[in-house]
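As recorded in Swiss-Prot, the features of this protein are as follows:
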ACT_SITE  Asp297  active site, proton acceptor
BINDING   Lys27, Gly91, Arg119, Gln163, Arg327, Arg368, Lys394  phosphoenolpyruvate binding site
BINDING   Lys27, Ser28, Arg32, Ser161, Ser162, Gln163, Asp297, Gln319, Lys323  3-phosphoshikimate binding site
Amino acid sequence: MFGPVSVEMIIERVDEVRGKVKAPPSKSYTHRAYFLSLLADSPSKVMNPLISEDTIASLDAISKFGAQVNGNKIIPPQELTPGKIDARESGTTARISLAVASLARGTSVITGKGRLVERPFKPLVDALRSLKVKISGEKLPIAVEGGNPVGEYVKVDCSLSSQFGTAMLILASKIGLTVEMLNPVSRPYIEVTLKVMESFGIEFERNGFKVKVHPGIRGSKFHVPGDYSSASFFLAAGALYGKVKVSNLVKDDPQADARIIDILEEFGADVKVGRKYVVVERNEMKPINVDCSNFPDLFPILAVLASYAEGKSVITGRQLRLKESDRVKAVAVNLRKAGIKVKELPNGLEIVGGKPRGFTVESFNDHRIVMAMAILGLGAEGKTIIKDPHVVSKSYPSFFLDLRRVLNEG
């Protein structure tokens, strides 16, 4: 069990976890639906959006660009207004805003804080400059002189982030553009973008990751599905400690982190997938080798699973060091503190499973590190202390409340 949610969280070992939880709304879908609502030709309703620090940053951004927001209803402006967009620590907000700012006549400045000011933007800046957009800077803050992107075709290097491709696809939906995405990582996120575009009536033809987008965005009543990334922590708890059912998960959703289902089976867990739920039950854990390049947000919780699997697991990914933290380093530091044998690789970790002990979590101000280590702590000998549990608000504000609820059911 654990102490109260406040400045500090204390998690203690539990004998078993048995319960159910409803997956929160998807962060990825919420971001995309907000920005397409901003650019649509008529009002939209975004139903069941995620309310978190990152999605609030996107909601504030579309308001700055001129959208009227009234509850779930979003009324697009007749003309976008330029301004200062504070993306806070949301990479998706910053990158889509940068592309949208190219449509707003006048100067917009995209800012942020924390690790976001260190994260890459140059490939997106280069793509926009190829459309004759005047941009100052290649890291935040970035100034954009918007109003009239010119061109019919653009290449964007997506080897560092699929968000560059998403940003250009959303821009293309307004002006009509063929977008060729080169070497995309996290490819399922592109599929999510295209799925949301379809819901807003956007027509396109694609050949792999070359997409010809026709201009025209219709207002939509968009229902945000559940988030596999947030659900992954509870699914992992079921695999490690008992049995957990997570509802509000759509079967065959293109979300990158839906891969958690297959990976849990590889680890040895018993998994049952229903039309709108997933049940995971404990079994003997086996080590695995997995490349997280297409689903980097699963890396922390997969490392936790590997910590309990007898033998050596290898978990890698192309851009793990470029997230909210250097996740390779962040996970390695915490697992070593828990007494787990870890070898740091250039793009991932070798982890030898063992018996974790309680420790004080170093969050690196990364929501997914905190949530993953909370799950680790449920099976560790002794107390696991989280000094800044509030960082989960970036993506899953109710995480600890949901965790408490699941533990109380068992």
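Just so you know, glycine gets a Cβ as well, placed from its N, Cα and C.
The structure, with features from Swiss-Prot marked on it.
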residue : record                           : contacts (Cβ under 8 Å, 6+ apart)
Lys27   : phosphoenolpyruvate binding site : Leu50, Ser52, Asp54, Thr55, Thr92, Asp227, Ser229, Ser230, Ser395
Arg32   : 3-phosphoshikimate binding site  : Ile96, Thr166, Ile170, Val192, Thr193, Val196, Met197
Gly91   : phosphoenolpyruvate binding site : Leu116, Arg119, Ser161, Gln163
Ser162  : 3-phosphoshikimate binding site  : Met181, Pro184, Val185, Ser186, Arg187, Tyr189, Ile190
Asp297  : active site, proton acceptor     : Ser229, Ala256, Asp257, Lys323, Arg368
Arg327  : phosphoenolpyruvate binding site : Pro296, Phe299, Pro300, Leu320, Arg321, Asp366, Arg368, Ile369
Exercise for review: Return one of helix, strand or coil for Arg119 (phosphoenolpyruvate binding site), based on DSSP.
Suggested key: coil
Study note, to complete from the structure: By the 10 Å Cβ-neighbour count, the most surrounded of the binding-site residues Arg119, Lys323, Arg368, Lys394 is Arg368
Check your understanding: If you draw a 10 Å sphere on the Cβ of Gln163 (phosphoenolpyruvate binding site), how many other Cβ atoms land inside?
Key -> 28
